[in-house]
Amino acid sequence: MRTHLRASLWVLCLASMAFSILAAVNTSPKPTLASAFSGKAGTPAVKANKTTGELLPMVINTWNFTAANVLAWRILKQSKGGLRQTRNAVVEGCSKCEKLQCDRTVGYGGSPDELGETTLDAMVMDGATMDVGAVAGLRRIKDAIKVARHVLEHTQHTMLVGDAASAFANAMGFESESLVTPESKDMWLQWTAENCQPNFWKNVHPDPKVSCGPYKPRPTPLTRWKEDRARNEYEIGRKNHDTIGMIAIDVENNIHAGTSTNGARHKIPGRVGDSPIPGAGAYADNEVGAAVATGDGDVMMRFLPSLLAVEAMRAGKPPAEAAQGGLRRILKHHKDFMGALIAVDRLGNYGAACYGLEEFPFMVSSPAGADRPTRLETVKCIAGQDKVNIVAL
């Protein structure tokens, strides 16, 4: 009898505990998007309700490329939501910069390589599907960002490069034409007249510091690598490493990010920078937000700063801290690089960080500036060791 009584009491105890647990689960508040992003709710509620607040829709891009931003904003405002409109906004905005040859570092007629040729890199990323279309080393085709879109929409690939990318563009209806202009030719001739200085070679002979080559490898003891690297360092600056990176978000939180550039001036032919690399030049995820980068692509692409920024926001960091963290990872290894990063969460909050420049300008269009929906923002940069200046808006 006592054995049966004890068993019955034990069953009742277990049932009571189970009921209590279920009640707690059913009555616990679900994490909201705000608490997820502030890191207060454990697992991020990445599929929270949509917002139609004052921050959206929005377009944001690197540098003071105003015309590109204005066009993208106009396209986005005309939309009723949907993936196509954010894509249209980014592609047409970047295309505008290509046509205007923004700072001679986007589009045709700028940044000639060692042979005097201009080649183009571009990328489009869809934050809903995580699909990417990109081109690198594109030759004789002016519309790099539009070709990247065709890679996204008409192939199962992520990136096409070089002459094969140009052949693909021809098949898609794009015409071949020279990307060299009198200005870019003069730029190249002046460079060659000055013994091809500066350049991107190291550990070769003849000495790349005083000669145009052709070069051959020079065996170098490992202990001398840092010395040679410092001696042959190419001075990176805005006028030879600009990229337009653009993010568009509509009121339904659909996100696209895109980039376009003609790369590093006087680059070794075949060089590809960070702009067309997913996670480096740009990254977008509808569940979190997006980021775009600009600067020394050869260094930045090794660290995937745009991906780092998006993942930091996924973990709860605000955009400004996420951008800062993306650059700090680079600074652990490269104290002398130049770069900037913009991060935006899916609700339209944004921040920027920069290093190695006096300041970094970027364009923003959103309802948040009712009297000035399209506006230029700037962030002061600090060139000191392991210091990154940030702006949170």
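One is the number of the first residue shown, and numbering goes on along the chain from there.
Cβ coordinates are placed from backbone N, Cα and C, and glycine is handled just like the others.
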Cysteine from Cys102, Cys212 that Swiss-Prot links to Cys196 by a disulfide bond: Cys212
Cβ-Cβ neighbours of Cys212 (disulfide bond) (radius 10 Å): 17
Candidates Cys97, Cys102, Cys212, Thr243, Cys381 (recorded positions) with Cα within 10 Å of Gly295 (substrate binding site): Thr243
Fewest other Cβ within 10 angstroms of its own Cβ, chosen from the recorded positions Cys97, Cys102, Cys196, Val272, Cys381: Cys196
Separation of alpha carbons, Thr243 (active site, nucleophile) and Cys102 (disulfide bond) (Å): 9
